[in-house]
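Database features (TrEMBL):
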DOMAIN    69-99  domain 'Alpha-D-phosphohexomutase alpha/beta/alpha'
ACT_SITE  Ser77  active site, phosphoserine intermediate
BINDING   Ser77, Asp279, Asp281, Asp283  Mg(2+) binding site
DOMAIN    186-285  domain 'Phosphoacetylglucosamine mutase AMG1'
DOMAIN    300-422  domain 'Phosphoacetylglucosamine mutase AMG1'
BINDING   Glu373, Ala374, Asn375, Arg483, Pro484, Ser485, Gly486, Thr487, Arg492  substrate binding site
DOMAIN    438-507  domain 'Alpha-D-phosphohexomutase C-terminal'
Amino acid sequence: MSSAGVLEVRGPFPSEEIQAYSDLHPKPRNVVYSYGTAGFRTLGSVLDSVLFRVGILAALRSKKLDGKTIGVMITASHNPEEDNGVKLVDPRGEMLEAAWEHHATLLANSPNEEFVSTLYDFIRDTRIDMSKPSRVVYARDTRPSGESLVKAFEDGLKSLGAEGRDAAINTKGTKEEYGEDSEDGYYQKMSEAFRKLVSGRPRIPPLVIDCANGVGAHAAQKLAQYLGETLPFVLHNTDTVTPGGLNHECGADYVKTSQRPPPSLIGVLQKGQRACSLDGDADRLMYYFIDERNYFLMLDGDKIATLVASFIVDLVRLAGLSDSVRVGVVQTAYANGASTKYLSDRLPVKCTPTGVKHLHHAAEQFNIGVYFEANGHGTPSTPAQSTALKHLRNLTELVNQTVGDALSDMLLVEVVLAHKAYSAAEWNSLYTDLPNRLVKVHVPNRHAFKTEDAERRLVTPQGLQAKIEELVNRYESGRSFVRPSGTEDVVRVYAEAGLRSQADELAYRVGGLVFDEAGGDPSRRPKEFY
Ligand code: NG1
Ligand code: ZN
């Protein structure tokens with residue numbers, strides 16, 4: 001070892017084992033992988049080598065952090081069943097450090113014959129001590145491809161002799177079952193806090209939950225046992241076995257994107273009854289109801305943020321803490337303009353680029369920061385100081401402050417509704433959403449689109465932003481912005497305006513501008529939908 005740097009890997013490097021296991025999980029030559037906002041995400045059928053290599057990477061990340069536990073989630077969230085994906089979670093529940101996203105991409109793309117030497121160089125350059133222990137806890141959602149991908153991932157762990165623990169619900173009742181204490185403890189803690197928070201309030205009418213035929217079905221069934229009559233559930237779309245069901249015509253993304261209820265709930269929902277949809281991995285939450293006139297009304301992430309923030313503001317005020325505890329809301333450009341206006345009149349609001357890591361970071365600048373993306377992804381982060389207050393203390397027990405958990409968000413909404421004695425309609429009337437439309441545009445190279453000002457303006461392609469603004473100005477209460485997706489190979493166009501027809505028209509027109517500018521395949525030009 002020279003003082004200039006470490007020339008060799010510290011500790012054992014089992015190159016033969018790694019090579020032997022790696023040969024079982026060859027990388028397809030024609031696929032290029034990239035670790036994006038949501039980790040690696042693509043068709044489940046081309047992810048075998050990625051999962052194997054992520055197993056290795058997770059073990060190395062743990063060694064690098066002195067044996068702290070790393071989390072790995074195998075899921076493609078709200079995406080269709082044939083997709084799958086994997087992301088890493090750092091020890092405190094936060095997203096993988098950005099530099100390691102780059103390492104992950106590098107390792108995933110290394111050709112088979114170079115993999116072991118690329119890995120060696122990486123371990124040496126990153127100064128990972130291979131004699132350190134490593135601990136990895138992992139889980140998957142209910143997708144059919146999940147089972148074999150878990151095996152590939154476990155091979156990655158085994159090749160380094162790393163310790164892994166399967167925290168997935170699918171091991172329940174099998175000989176691999178891991179003690180359920182922690183999962184049970186979690187439901188116990190949440191439901192006890194919930195009971196305390198709603199005690200003395202009127203009986204809560206049943207809540208309809210669309211579980212997206214995903215992993216949330218298992219969790220909701222479990223939680224129902226703990227909550228009993230305190231909060232009765234009516235569970236739908238709980239079939240995690242029939243192929244093709246996951247997120248199909250159900251789930252939070254379906255509801256938000258199509259702006260209608262899952263067909264399976266039509267005829268089930270009674271007027272005024274509260275209903276909500278989870279997504280495939282149960283980290284998004286969308287509330288909705290049918291009003292007296294039989295209209296479908298959505299209570300999305302913005303409405304949730306508004307409800308929760310106003311409740312927290314009330315609690316802080318009642319506790320006489322207004323001067324010392326700063327409550328704020330964090331949104332992205334996708335937040336409905338009406339919500340931004342409503343909130344900005346009442347408390348500080350910050351806008352960040354898309355992605356939980358940006359929102360979370362900004363939320364930490366407040367003492368209590370509430371963030372929900374419009375699509376229902378989010379959580380409030382409450383500080384330790386608030387323990388002076390009983391309700392705030394119970395709130396911290398209830399909410400999951402590091403990673404999205406739609407069920408804990410749902411309980412929080414129910415607490416606030418119970419406290420404010422709000423019906424779904426009263427909650428909805430806090431402000432009226434501006435009609436809006438989100439469109440995907442397929443372009444040859446989405447990376448040509450660069451943004452600034454929390455993604456609200458395009459920097460490149462040059463001149464396009466000016467054209468968008470020229471269009472937007474022709475619409476009353478018009479707003480539109482364009483950004484490349486971090487999770488799909490598309491550019492997203494968002495538009496809102498005072499009238500439904502105008503929002504649709506604006507979205508279509510901006511979509512057309514983007515498409516023409518990017519030189520897309522004419523057969524994929526956005527279609528008129530208004
Ligand atoms: P992209 O594909 O970068 O737009 C989508 C969501 C994000 C976030 C991530 C991660 C929209 C418009 N975008 O990101 O809000 O949830 O997925 O899942 O909903
Ligand atoms: Zn999700």
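Note that Cβ sites are derived from N, Cα and C of the backbone, with glycine treated the same way.
Bear in mind that TrEMBL entries carry predicted annotations, made automatically and left uncurated.
Just so it is clear, the model here is predicted, and its values are computed rather than measured.
This view paints the features noted in TrEMBL onto the structure.
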residue: Ser77; record: active site, phosphoserine intermediate; Cβ within 10 Å: 27
residue: Asp279; record: Mg(2+) binding site; Cβ within 10 Å: 34
residue: Asp281; record: Mg(2+) binding site; Cβ within 10 Å: 27
residue: Asp283; record: Mg(2+) binding site; Cβ within 10 Å: 26
residue: Glu373; record: substrate binding site; Cβ within 10 Å: 23
residue: Asn375; record: substrate binding site; Cβ within 10 Å: 23
residue: Pro484; record: substrate binding site; Cβ within 10 Å: 20
residue: Gly486; record: substrate binding site; Cβ within 10 Å: 15
residue: Arg492; record: substrate binding site; Cβ within 10 Å: 22
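Contact count against the domain 'Phosphoacetylglucosamine mutase AMG1' (300-422) (Cβ pairs under 8 Å) is highest for 186-285, out of 69-99, 186-285, 438-507. Here the Cα atom of Asn375 (substrate binding site) is found 10 Å from that of Asp279 (Mg(2+) binding site).
A gap of 18 Å separates the Cα atoms of Gly486 (substrate binding site) and Asp281 (Mg(2+) binding site). For Glu373 (substrate binding site) paired with Asp283 (Mg(2+) binding site), the C-alpha to C-alpha distance reads 11 Å.
With a CB cut-off of under 6 A applied against ligand 2, the recorded positions Ser77, Asp281, Glu373, Pro484, Arg492 are reduced to Ser77, Asp281.
A separation of roughly 19 Å, to the nearest angstrom, links the Cα atoms of the residue listed as 'active site, phosphoserine intermediate' and Pro484 (substrate binding site). Taking a Cβ distance under 6 Å to any atom of ligand 1 as the criterion, the binding-site residues Asp279, Asp281, Asp283, Pro484 reduce to none. For the domain 'Phosphoacetylglucosamine mutase AMG1' (186-285), the model's average pLDDT works out to 95. Residue counts for the domain 'Phosphoacetylglucosamine mutase AMG1' (186-285) under DSSP (helix as H, G, I; strand as E, B; rest coil) come to 38 helix, 14 strand, 48 coil. Asp283 (Mg(2+) binding site) sits 22 Å from Pro484 (substrate binding site), counting Cα to Cα. Of all Cα pairs drawn from Glu373, Ala374, Asn375, Arg483, Pro484, Ser485, Gly486, Thr487, Arg492, which the record names as binding substrate, the longest spans 17 Å.
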